[in-house]
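*Asks:* Dropping the structure in here first, questions after.
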Amino acid sequence: MKRSFSIISVLLFAFISTVNSCPPSDRAALLAFKAALHEPYLGIFNSWTGNDCCHNWYGISCDTESKRVADINLRGESKDLFERAGRSGFMTGHISSEICKLTRLSSIIIADWKGITGEIPKCIASLPFLRILDLIGNKITGEIPVDIGKLQRLTVLNVADNQISGRIPASLTNLSDLMHLDLRNNKISGPIPKTFGRLRMLSRALLSGNSISGPIPASVCRIYRLADLDLSLNKIYGAIPPCLGKMAVLATLNLDCNKITGGLPSTLLNSAVGNLNLSRNALQGKIPNVFGPRSYFTVLDLSHNFFKGPIPKTLSSASYIGHLDLSFNHLCGRIPAGAPFDHLETSSFMYNDCLCGKPLRAC
């Protein structure tokens with residue numbers, strides 16, 4: 001009787017252990033994912049042993065009810081590792097398509113490893129519960145998966161600082177829950193999709209440092225929550241949509257180092273935008289004389305354009321202007337006295353046609 005009870009106890013314990021650990025299929029997928037990577041310095045995969053990948057496997061979290069793998073969080077500049085190791089992370093290899101067998105994944109963070117190459121597995125677009133895809137700071141090539149728009153729960157898409165090429169997929173604008181989009185410093189080309197304004201939940205759109213061309217879609221102005229729009233260091237042309245100055249929460253607008261033409265919309269000078277960089281474009285005409293108490297700029301950079309005429313006198317009525325740069329234009333006339341001009345340096349006004357007054361030569 002005692003022997004029978006012992007056998008039953010062992011079997012019951014084995015059953016409970018199996019129920020409370022990750023499924024063998026998830027464990028196998030993780031090990032196949034690991035096999036495609038090489039991390040020689042920190043030993044982050046040393047903890048990936050035993051049958052239960054939900055217990056003490058570094059960077060792995062599981063759903064408490066289903067015991068399925070829910071999160072992969074491997075960040076190459078994680079302080080808990082690198083302060084002890086005295087170095088930053090470096091990992092080579094590629095992201096295996098085996099990761100797509102983890103069908104309950106909510107977040108994939110494989111960031112700042114500097115040496116991971118290969119493409120983003122196309123099958124990632126088939127993970128129905130994925131909310132975060134963060135692959136910043138690697139050497140990933142290829143294109144953003146064309147079906148990325150199938151990830152209806154995605155809130156963060158960050159593939160900055162890689163070598164990704166191709167166009168922004170049209171399906172990306174189907175991501176109705178997307179809040180943070182970061183495509184900076186890649187090799188992305190082609191236009192911004194005309195339907196970009198469908199990303200109604202977007203608060204940050206960072207697309208700088210690519211080869212994106214074409215005009216700024218007017219549909220961007222329909223993104224009510226957008227606070228930060230960075231399109232700098234691209235090949236964007238055409239005029240600035242005046243409706244950008246009517247956006248309720250847009251605070252940072254960086255359009256510098258493009259091929260933008262036309263005039264400066266007056267709407268931008270009395271808007272919520274407090275950091276406005278339009279330098280190194282081909283803007284022309286006069287700077288609108290429409291500044292007022294609502295004009296609050298920590299940065300206002302209009303340098304390296306073709307603006308002409310005088311400096312607007314209403315600039316003196318702005319509530320605050322921290323950094324102002326009007327250099328390398330065709331401005332002419334007397335620099336107004338008083339704030340904010342009394343704290344600006346010569347470099348803010350250099351290389352214009354005929355500006356005079358402090359801090360330049362006397363008129």
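The backbone N, Cα and C atoms fix where each Cβ goes, glycine too.
Any TrEMBL annotation is an automated prediction that lacks curation.
According to TrEMBL, the record shows the following:
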type   : residues : note
SIGNAL : 1-21     : signal peptide
DOMAIN : 24-63    : domain 'Leucine-rich repeat-containing N-terminal plant-type'
*Asks:* I'd like to know the mean pLDDT over the domain 'Leucine-rich repeat-containing N-terminal plant-type' (24-63).
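*Replies:* A mean pLDDT of 95 is what the predicted model shows over the domain 'Leucine-rich repeat-containing N-terminal plant-type' (24-63).
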*Asks:* How many helix, strand and coil residues does the domain 'Leucine-rich repeat-containing N-terminal plant-type' (24-63) contain under DSSP?
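*Replies:* Tallying H, G and I as helix, E and B as strand, the rest coil: 16 helix, 5 strand, 19 coil.
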